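K.L.:
Dropping a structure here in structure tokens format, bear with me for questions.
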Amino acid sequence: MAEEESVKVAVRVRPFNKREKARNSTLIVEMKGATTVLNDPSGENDPKRFTFDYSYWSHDSFKEEASGYLAPAKPHYADQNMVFKDVGMGVLANAWEGYNCSLFAYGQTGSGKSWSIVGYGPNKGIVPLFCDKLFVQIGEKTAGGETASFEVEFSMLEIYNEQVRDLLNPASKRKGGLKVRQHPKLGFYADGLKTVAVSSYQDIENRMEEGTKNRTVAATNMNATSSRAHTIVGIKFTQKYQNAAGEETAKSSVINLVDLAGSERAESTGATGDRLKEGAAINQSLSSLGNVISALVDKANGKKVRVPYRDSTLTKLLKNALGGNSKTIMIAAISPADINYDETLSTLRYADRAKQIKTKVAVNEDPTEKLIRELQEENEKLKKLLESGGIPTKLDDDSDDEDEEDVKSLSKDERERIRKEMEEEMQARILASQQEMEEMKKTWEEKMKQSHESGPVVPDAGAARKEKETTPHLYNLNVDPQLTGMIVHLLKPGEHLVGSSNEESGETPCILLKGLNIQPHHAALIVEGGKVYLDRCQTSPDAKIMVNGQPLTEKEELDHNDRILFGANHLYIFADPKQAGGKKSPAMTYEEAQAEINQNSGFVVGKPDSLGGSSLDELILQDDLVEVLPAIEQANTMSEEMDKKVKFEVAIIPAKKMGIVGSETEPPQRRPPEVMVKMRNVELGLEYLWTKAKFMNRKYLMDEMYESFSDGEDINWPDERDPFTEPPDHEEMIGALHIYLESIAYKIEAKEQLDLTNIKGIEVGKLNVELWPCTQTGKVLRDEDAFVDDPETDLKGQPIAFKVKILNARGLPDRFVDIYCKFKVYTMEPYQTQVIKKAINPDFKFEQLISFNAVDKLELDYLLNGSIFVQLFGKQVPKKREGKKLNTKQIMKKEGMLKGKDIGAENVPKHTVDEGKVGYQFQVLTLKKRLERLEKKMAQMNRVVDVAEKSSKMRVKTDTIKTVLRAKNPDAIEKAIKTIPKDKGAGDNEGVNGQPQSQESAACTLL
């Protein structure tokens, strides 16, 4: 009978990584017993507290032993053995009892998921420790006289972009991956997934290495990002014995060990506005998993809800783990650093929801004959349905996942399509049941023999590692540290050809590479006289080869730890044990090697500071470039090979160009520049600016298109699916500028013709603008009525209003139509001018009244130091190219030849606008107006002195001086000056009663 059990949740925090240390990150995670506390680095929110089954502190308090194992230095440190003892041993115990078990790791990329699940080197994770312990216990039971037989079967799959790949059988590549089907007895399964019998931990280790190597090769060939893939290791453990009735009985357990993809939040990436976002299935599985967990939590709390397992490949395969017959444990891996606060909080909330889920578990123990009989009965039922033609629209009474109303509302064509799908599904079920029955009837010896005959296995992992210790070799670098070093090419004496397979000649090179920019004869590695050389192949002069970030121009001797890039994305390290001399010199990481390539390509980010490092902004920028530049290289190569007429270029945009202007509290130089990508249609002359997130989202779709292209399929996709296009009505920013508001703080009008600049700071036209101080009702105030001497005292708490006038633009590029301006003031909603259909000199004649009811400190700071960011938008009109039609590669080559040559208008140096020019214009204007005002006040004060002297007055009243200095109305000033001669208490030059003025009264003369 099934019993209800909650999902167990463990949280584990890792040490700071290299990136976090470089950014001087602070620790924001605390753990006390089972409680995890997350502190907000900004101090704006109270600490968040979460209680889980286990909270593992693995941040510090450890020591590295001679073997490399990280052991506890203090009792509270959770090492790999502690985590396995709490979590892995529980899974193992449940497997022996016949329960299905699932363990999955969740967290952002780089949070330490793989560290817990797989581990590195001597620090083995749960999966290898589980497999090792399982066979140790099998050996103990067999040695102790146990009569039962034990069978262990192993599978390994990956879900990438909603497609299932069999990592043990990459040769059986199917378009769209393995199909996920549902069986009433077996649940959801990957149809055709290779399952192999294993008899020892060494077998599993070799199979895991085989699967990881296949995963690495596939990821490199397809430009795939491994952090966006889910890996599921499946182990089926069966115990066969005679029951009390003498029947052969099978007690089985299916154990799924799942390493989920990085859980980066899609909304934080900035790709939300892309029309093709929904086309990218890369994020679908994780978002669906979140929806499933939310629905299961609601269900556990008594709500009647539909659980959307069918929304993604991952949730189908994890249905048992989340809501079916499985004992499930989740490990949430988190970063300790303040820079990852949002992602860590998201992970902890996810884990907090998951612990509320309940599953119904039962022991899988039945006589073999009964299992076979049930499968036979299911098959007979399905065969009768097929013969009668009574195909249902759904096969299972699954109230959690189906909606009867949806089925009823289907059209005739949709019903027919579903009928055909159901027919195919039923036939697949019949086949799956037959295969399952045949497997049950096989002896263990037959299964082992079949596994050995099913295909080659990687050589013994230990033997391969031993050979590497004495032989020069190449090993791969991957952005995922777990995949680095998985591909090894031993370099024995002789010549080793590097390249792709040649279909015409049937020649296969010694080092076979596939993917972007790899030629059949790409390069040659020559091992002679104890030295290794790298050389170009004469038949492929354009082959891309880089050594230590520099293009290879001639035959070059390789040194230990040299970095080699073949094509667009095959990055290797050369290792020579003899040169190393037994010393372990650290090789570059993927990020360091990519940064080296970027630097040698001209992307030098900042200069080291006095402490020998770089600023935080520079480190952020460097990280972005390391991610974006290789992707741009790959995208350009795909564009050339598929002739998409598109070129991508990196664009580093300063904060001001994005509309961010500093204030006294946060100057603009503290805002890091943003890495963006310019997409240029080289045939039509169209240019678009994409955010980094939008480009990376499109890049996944480009990879998908390129895979179809490599398979010989038609890639003339409609524009709404093509990642290399933008729709004709797409609006692009023509230029932008800042209108500084300092003059308004002094209530001075401003009239300026300002330079419109594009993202590179190049002038693209002029914009005529005006700012006018006015009343709250919109009546314009003139200088003499409005001038403010000291905004700090005169404006605080007072209302202020002004008009923004955008008159016209002049000299715009002629490729734009439907032109308009958009701008934003402070935190108000954006304002927009009318759209001018077609003009290089559009007249907007736009004005907008802006008002603040009572100016506070922040608003005053904005008026004195901030600006209005104005952007000019338009739609591009394609240019008509004359002359011979060229393909993408020819156009790129022609552009490269023309670059730098002084021919034609395109090569005339363009006028670059000084970033500070506009700000200086407004400052000068304000200072000029203030000076004029001060000069006028001085003239009025001189009049006061003149009038007083002519009237023989020794003193002038304070009230009179105040009026002259502060009054806005000239009539009031004139009236005050006229009172001076009439002031009888002001004294005169004759003194009192005709006597000379005393020294005391002389000291009180003016003011």
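Backbone N, Cα and C atoms are what each Cβ position is placed from, and that goes for glycine too.
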K.L.:
Between the candidate ranges 56-83, 308-335, 728-755, 924-951, where does TrEMBL place the coiled coil annotation?
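P.N.:
Based on what TrEMBL states, coiled coil spans 924-951.
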K.L.:
According to TrEMBL, which of these ranges is region 'Disordered': 441-467, 576-602, 981-1007?
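P.N.:
Region 'Disordered', as annotated by TrEMBL, spans 981-1007.
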K.L.:
Suppose the ATP site is G107, Q108, T109, G110, S111, G112, K113, S114. Which further residues of the same chain have a Cβ inside 8 angstroms of that site's Cβ centroid?
P.N.:
A105, W115, G262, A333, S335
K.L.:
Considering the binding-site residues Q108, T109, S111, S114, which residue's Cβ sits among the greatest number of other Cβ atoms within 10 Å?
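P.N.:
Comparing the binding-site residues Q108, T109, S111, S114, the most crowded Cβ belongs to S111.
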K.L.:
Average pLDDT across the domain 'Kinesin motor' (6-357)?
P.N.:
86
K.L.:
Tell me which residues of the chain lie with their Cβ under 8 angstroms from that of G112 (ATP binding site), as long as they are six or more apart in sequence?
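P.N.:
Listed in sequence order: R12, V13, R14, S58, A333, I334, S335.
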K.L.:
Tell me which of the binding-site residues G107, G110 sits in the most Cβ-dense spot, judged by other Cβ atoms within 10 Å.
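P.N.:
Counting every other Cβ within 10 Å of each candidate, the maximum falls on G107.
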